[in-house]
């Protein structure tokens, strides 16, 4: 969620289109898909971006209040809303006029690309940062493309190896996009064309098949079918075991336990957090904690369990799920967990935005935990469609 008062990134979400080809009788961004409008679904991805962003929604003038309410519902916080222009280009120009001081990178996104994952937004930002120029996501063209005359006669077969079907969000350094719009003398089909016409380089990076534009009734049915595949609840299981390390501090269930021996590990050794992460990743079919947060990544050396849980929640939500509930059971002789159970459950529930229950037991002296050599945790997680 965007919480920074002066974010360096802004996302302009264009939601002013009439939706004539969709035939829904209302502007396209306000059409419902699986119980939520296209605008809400588009903003959900923005909410899951790694870095906070200012959000500017460009909507029809007569629906600004509705756009503000839907924007807050989808983004989870208030968004800036401005009236659109006569054309898409005019609408984006209106959005540019609402950018706050301090914004350095601008992403322009079509609300009609409602299933675009947050990872695509993050990839565009990273590419703009790396290259200092415009970036658009695109997919290879798989169909054979013919150039035809007005009479329908084929004039040429275009080499599809040099073609890319571009998507949004399209990202640019703010100064370049503002300059391109100021210099525009004709309406172009997208922002990348405007930037290129103004002499600014634009690079294509790999896009995502889910970022297709919902323009026709067939597109809407396709999106509904994709969402239907996410509708069934997902259950994941995770486990983790760490040996005691008397030289380390003990972190367990997000809490520091003074006077107790710590657990060995690349991070803080919080086995409760790690088992929950594995359960969530398993339910979302995202792999496991080792594959996602490998021990070779210095960003997570010594990191607390809350860091892993926060990022895992973001990844799960990026895939289109919400966390239903989580249950974890600690197996070990120490520490005595019952006195701090409520404290741990409150912290974990806050981090994950869902109910978390934690219980504890022993193995009556059997095995590694029974001998007092370490702690094991088993966790289950339930994921639901948003």
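Each Cβ is built from the backbone N, Cα and C atoms, and glycine gets one as well.
Cross-referencing 266, 274 against the divalent metal cation binding annotation in Swiss-Prot, which names 240, 242, picks out 274. Non-local neighbourhood of residue 240 (4-CDP-2-C-methyl-D-erythritol 2-phosphate binding site): 271, 274, 275, 278, 289, 376, 377, each in the same chain, at least six residues away, with C-beta under 8 Å from its C-beta. When every Cα pair among 240, 241, 242, 266, 267, 288, 289, 290, 361, 362, 363, 364, 371 is compared, the largest distance found for this 4-CDP-2-C-methyl-D-erythritol 2-phosphate site is 30 Å. Residue 371 (4-CDP-2-C-methyl-D-erythritol 2-phosphate binding site) sits 63 Å from residue 28 (site 'Transition state stabilizer'), taking the C-alpha atoms as the reference points. Taking CA atoms as the reference points, residue 242 (4-CDP-2-C-methyl-D-erythritol 2-phosphate binding site) and residue 266 (site 'Transition state stabilizer') are 11 Å apart. Here the C-alpha separation of residue 28 (site 'Transition state stabilizer') and residue 213 (site 'Positions MEP for the nucleophilic attack') works out to 11 Å.
DSSP gives residue 242 (4-CDP-2-C-methyl-D-erythritol 2-phosphate binding site) a strand state.
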